[in-house]
Amino acid sequence: MMPRAQLTTFLIVTSFLSTVPYLRAPVHGGVLTSYDVSSLDIMSKIHTDHDATTKASSDFGHIVHATPNGVFRPTFPADIAALIRLSLSQPTPFTVAPRGKGHSSRGQAFAPGGIVVDMSALGDHGHHTSHRIDVSVDRMYVDAGGEQLWIDVLHTALKHGLTPRVWTDYLRITVGGTLSNAGIGGQAFRHGPQISNVHELDVVTGMGEMITCSPEVNSALFFAVLGGLGQFGVITRARIRLEPAPKRVKWVRIAYSDVHPFTTDQELLISKWASGSGFDYVEGQVQLNRTLTQGRRSSSFFSATDLARLTGLAIDTGSVAIYYIEGAMYYDDNTAASVDQKLDALLEELSFVRGFVFVRDASYVEFLDRVGREEQNLRSAGAWDVPHPWLNLFVPRSRILHFDAAVFKGILRNANPVGLILMYPMNKDMWDDRMTAMTPDEDVFYAVGLLRSAVAGGSGGDVEQLERENAAVLELCDLAGGGIGCRQYLPHHASRDGWRRHFGAKWGRVADLKARYDPRAILSPGQGIFPPPPPPSPPPPAAGEPITAS
C-alpha cells in the first residue's frame with residue numbers, strides 16, 4: 001500500500017491538474033478581476049511529512065488531537081483561494097482549517113483528514129518575508145494580515161505614536177484568530193471587543209472567492225465573519241481602528257474579601273466609560289483560598305510580602321476567595337503630573353478592603369505584554385506545554401452572584417487550581433449584534449475564565465478532575481435545564497443541539513450564511529458546528545450493466 005503521505009499527494013496532484021487554475025481575485029465594490037495560480041505552485045506548498053502533520057494535530061489545550069492529511073503553507077491569500085477551489089472540485093471535498101499560533105484549546109483549528117493552512121507562511125517568499133502590517137497615520141488605522149501577531153501590530157503602530165484600542169491579555173496570537181472569536185480584554189467595556197474596532201476585511205470564502213468587505217460593502221460577509229468561528233471565510237487582512245498611544249500606565253490591583261462590593265465596584269467602574277474619570281482598563285480575578293495558602297509565594301505582580309498579606313486577609317476573614325479588581329490608568333507627558341491625583345480620587349469611590357491597594361508604574365508595552373513575561377516563566381518551569389482545559393463563559397449580571405455562590409463557593413470550594421480565574425463585566429451596547437459573536441441578553445454581563453492547567457505533579461488536579469469540574473459548571477449554566485443562562489466564549493459544543501442553543505435566535509441566520517458562503521461545509525471543521533454533507537450517491541448502473549459489491 002502506498003504510504004499515506006504519498007497517497008495524499010498523488011490524489012491531490014492528479015485531481016488538481018484536472019481543474020482549471022483560474023481564480024477570482026478580491027472583489028472591490030462588486031468588480032471582479034482574474035488571477036492565475038499555477039497548480040504545481042499550489043501543490044509544492046502542501047506538506048505531508050510527519051513533522052508538519054504532527055504539529056498541526058495538537059494545540060494549546062493539549063486535550064484533543066486530530067491529524068490532517070497535509071499542511072498548506074501559502075505565500076499569498078490567492079493561494080488559500082486556490083486550495084479551497086481545489087477542494088470544491090472533488091466529488092467529496094476535503095476540509096480546510098486556517099491555523100495561526102494554535103492557541104485554541106479544544107481542536108477548533110483542526111482538520112481531521114483534511115488540510116490545515118499554516119497562516120504564518122503568508123508573506124514568506126523564501127528569500128525574504130513581506131511585513132504585512134501597514135499604518136495609515138492620517139486615517140488612524142492599521143492594515144494587518146490575518147496571520148500577524150498582535151504583539152507585532154502593537155510595535156508597528158507604536159512607531160507612529162498610535163495603538164489599537166482593545167487588547168486580549170495575551171498578545172502572541174493572530175489577528176485573524178481573535179477576530180474570528182471576538183477578542184476581549186480589559187478595554188472592552190469602553191470600546192467593545194476587537195471585532196467592534198474593525199473597519200474592513202479581506203476574506204477568502206468557502207467558495208474560494210477573495211472578497212473585500214466592510215459595514216458598507218459586502219456587509220453580510222463582514223458581519224458574519226467577525227465572531228464567526230471561521231465558518232464563513234478565512235480572514236487574510238483586517239483594517240483596525242487606532243488611537244494615540246499613551247506612554248505609561250498606573251497599574252492597580254485592589255482586594256476584596258466579599259463578592260458584593262467587588263461586583264458593585266466593577267460595575268461602577270465600567271459605567272464611567274464615557275467619562276475621563278475612570279480606568280482605561282478593568283478586569284478582575286478570583287483567587288481561591290487554597291491557592292493563597294498553598295500556592296506560589298510570589299507572582300509577576302505581587303511580591304512575596306504582598307501575597308503573605310493577602311493570605312492573612314483570607315484567613316482573618318474566613319473568605320473562600322479573595323477578589324481583585326485590576327485597573328489601568330493610562331497617561332503621557334501631558335497628564336503625568338495629574339495622574340496620581342486622578343487615581344486617588346477614583347479609589348476614594350470604591351469599597352475595597354482598606355490598605356489592600358497595590359500600584360505599579362509601568363510602560364504601556366510592559367503592561368500590555370504582561371502575560372508574555374509570565375509565559376517565559378512558565379516555559380522555564382516546564383509548565384507551559386501542558387493540558388489547558390480552559391472554560392470561558394459570559395454570565396448575565398443578574399446571575400453573577402448565584403454563579404459565584406454555586407461555583408467558587410460550591411463546585412470549586414476545595415479546589416487548588418494552577419492558573420487564573422478571571423471575572424469582570426462588560427457593556428453589551430459596545431457589541432454589534434449584527435456580528436456572529438454571542439452574548440447574554442442583558443445590558444451588562446461578566447466574562448468568567450477558568451484558565452486552569454493540569455501540571456504534572458502539581459496540586460491543581462489531573463485533566464479528568466478539571467474536566468469534571470468544568471462539566472458541573474456547564475450543567476449549572478445550561479439554558480435547556482433552566483440554568484443560569486451563560487454563553488460560552490471560545491465555545492465548544494459536542495452536539496448540533498448544543499450549537500443551536502448557543503446561537504439561539506441567530507441560529508437560522510447562521511445556517512443561512514453558512515449555506516451562502518461555505519455550502520459544502522469545508523471550513524474550520526474542528527468547531528463541529530456544521531458537518532460536511534455526505535458524498536454524492538453513485539449513479540445507477542446502466543441498463544444491462546452488472547451490479548457489483550463495493
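Cβ from N, Cα, C; glycine included.
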What does Swiss-Prot list, out of ILE46, ILE63, ILE235, as binding the same FAD as GLY100, LYS101, GLY102, SER104, GLN108, ASP169, THR174, SER180, ILE184, TYR489, SER524, GLN527? ILE235
Provide, as an integer number of angstrom, the distance between the C-alpha atoms of THR174 (FAD binding site) and ASN289 (N-linked glycosylation site). 35
The correct three-state DSSP answer for GLN527 (FAD binding site) is helix
About how far apart, in whole Å, are the alpha carbons (Cα) of GLN527 (FAD binding site) and ASN289 (N-linked glycosylation site)? 35
Provide the three-state secondary structure of ILE184 (FAD binding site) computed with DSSP. coil
Around the Cβ of GLN108 (FAD binding site), how many other Cβ atoms lie within 10 Å? Please give the count over every shown protein chain. 26
Let me know how many other Cβ atoms fall within 10 Å of the Cβ of GLY100 (FAD binding site). 24
Assigned conformation of GLY102 (FAD binding site) - DSSP reduced to three states: coil
